[in-house]
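Enquirer: One structure, as structure tokens, below. Some questions next.
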Ligand SMILES: [Fe+2]
């Protein structure tokens, strides 16, 4: 059933013409997501509850702050995500066990309207995140995360706000990034 129409007398006043349009501030900031990821990564009761599988990544979903989406993820040696983005979600992650490497691009890419693009030569960034360290990122962040260790399992905590509407997966050959796949929540939940 459709909602009854509100009487016109109670309609919200119109904004004045040419009023500045401001984007709504996110109700959860990237800094809050990072604080949550770091706090949770330091909680053995949560980290130790993750089952580990030497053959592949494992994960459990958590409730993050303010309605955000959060995950604890286990990474066997040599596993990684491949290049992807998180659409309009901002996020953060923190390492709880082992060490993760993040390769990222120091540029904000258009999220739509392209299938393949050539990156300028100076955009690559890498960081290594040991236990108790993490990083936050804004919307349209493109990265890959991997456990480079030949021997040690890694565990990390990730949080995203808004909850991920989709993930775009890319292949990369040299400086050329190509959109390969769009995954939606039904693909990973
Ligand atoms: Fe990611």
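Heads up, the Cβ atoms here are built off N, Cα and C, so glycines get one too.
I grabbed these lines from TrEMBL:
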type: BINDING; residues: 84, 86, 143; note: Fe cation binding site
Enquirer: Using a 10 Å radius around each Cβ and all protein chains in view, which of these binding-site residues has the most neighbours: 84, 86, 143?
Expert: 86
Enquirer: For the recorded Fe cation site, enumerate neighbouring residues of the same chain (Cβ within 8 Å of the Cβ centroid of 84, 86, 143, site residues themselves excluded), in sequence order.
Expert: 81, 83, 85, 141, 142, 144, 167, 168
